[in-house]
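Quick notes on the structure that follows.
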Amino acid sequence: QTACPAVWKNISSELSTMFAGTLALSCTDDALAAIRAGFHDCFPGDGGCDGSLILANEYSRTENNGLADISQKLAALASKYGVGTADMISFAASHAIVTCPLGPITQTFIGRTDSTTAAPEGALPDHTESAEAILAKFTAKGFSALDLVALLGAHSTAKQFFVDPARAGASFDATPGQWDVTYYGQVVTDTAEFQLDSDKRISEDAGMAPFFDLFTVDQVGWTVAFTPAWEKLQLLGVEGGSSNPDLIDCTSALP
């Protein structure tokens with residue numbers, strides 16, 4: 001196994017400055033955006049995690065509202081250190097997750113192939129869609145219903161700015177900037193400051209509600225489910241997955 005190039009430790013140090021919150025038990029809005037950018041680069045189309053969010057200017061699309069600033073920051077960092085854009089997006093997302101209080105360390109590889117070919121529009125899950133339609137998008141990528149519900153928990157750290165512009169900055173639970181299970185309980189009880197209609201539909205879906213209910217009281221259980229789902233997401237589009245000989249494990253460079 002090739003050792004992680006030292007440059008990623010330098011990158012990690014810069015990302016720590018960008019993502020660590022100045023308040024106790026928090027991470028920054030840049031961290032939250034980086035997590036979302038990781039999903040939005042990897043999920044749509046067949047290219048997977050290929051950097052097209054930045055390299056094909058996908059961040060300018062309506063479905064990627066709010067990602068222009070973090071995309072430009074990560075592009076500049078990739079250029080500064082001479083590393084791949086796809087790797088920068090995925091590494092930054094994993095870094096942001098573990099930087100947010102209670103966030104887990106997830107196995108993180110570098111060695112992806114960058115692409116300037118844009119992913120198709122409309123391939124991301126949308127808050128207007130039914131639970132069945134969203135699950136179908138995930139199962140087409142090899143994810144289970146458990147994976148979907150676990151990945152939704154990233155909304156624990158999220159805020160919305162564009163679904164309802166009149167309430168820009170509203171958080172999805174009472175502890176934004178913390179990687180905790182408060183989100184699940186507040187979706188179930190309708191007590192969140194802001195809630196996506198699609199999240200509520202998923203929480204009430206017969207096949208997914210049991211997972212939602214479980215995570216409301218089980219931080220460890222959520223972490224155990226989220227970690228492999230996120231690792232699977234970050235390998236979308238990588239031929240052979242983690243066994244691809246071009247990949248290098250850089251988990252050690254995370255904080």
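Note: Cβ is positioned from N, Cα and C throughout, glycine not excepted.
Database features (TrEMBL):
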ACT_SITE  His40  active site, proton acceptor
BINDING   Asp41, Gly48, Asp50, Ser52  Ca(2+) 1 binding site
BINDING   His155  heme b binding site
BINDING   Ser156, Asp173, Thr175, Asp180  Ca(2+) 2 binding site
DISULFID  Cys27-Cys100  disulfide bond
DOMAIN    31-254  domain 'Plant heme peroxidase family profile'
SITE      Arg36  site 'Transition state stabilizer'
Asp173 (Ca(2+) 2 binding site): secondary structure state under DSSP, collapsed to three categories: coil
Top Cα neighbour of Gly48 (Ca(2+) 1 binding site) in the set of recorded positions Cys100, His155, Ser156, Asp173, Thr175: His155
Integer Å distance between the CA atoms belonging to Asp173 (Ca(2+) 2 binding site) and Arg36 (site 'Transition state stabilizer'): 16
Integer average pLDDT (0 to 100) for the domain 'Plant heme peroxidase family profile' (31-254): 95
Pairwise CA distance, Thr175 (Ca(2+) 2 binding site) versus His40 (active site, proton acceptor), rounded so that it is a whole Å: 23
Sparsest-packed among the binding-site residues, when each Cβ's other Cβ atoms within 10 Å are tallied, from Asp50, Asp180: Asp180
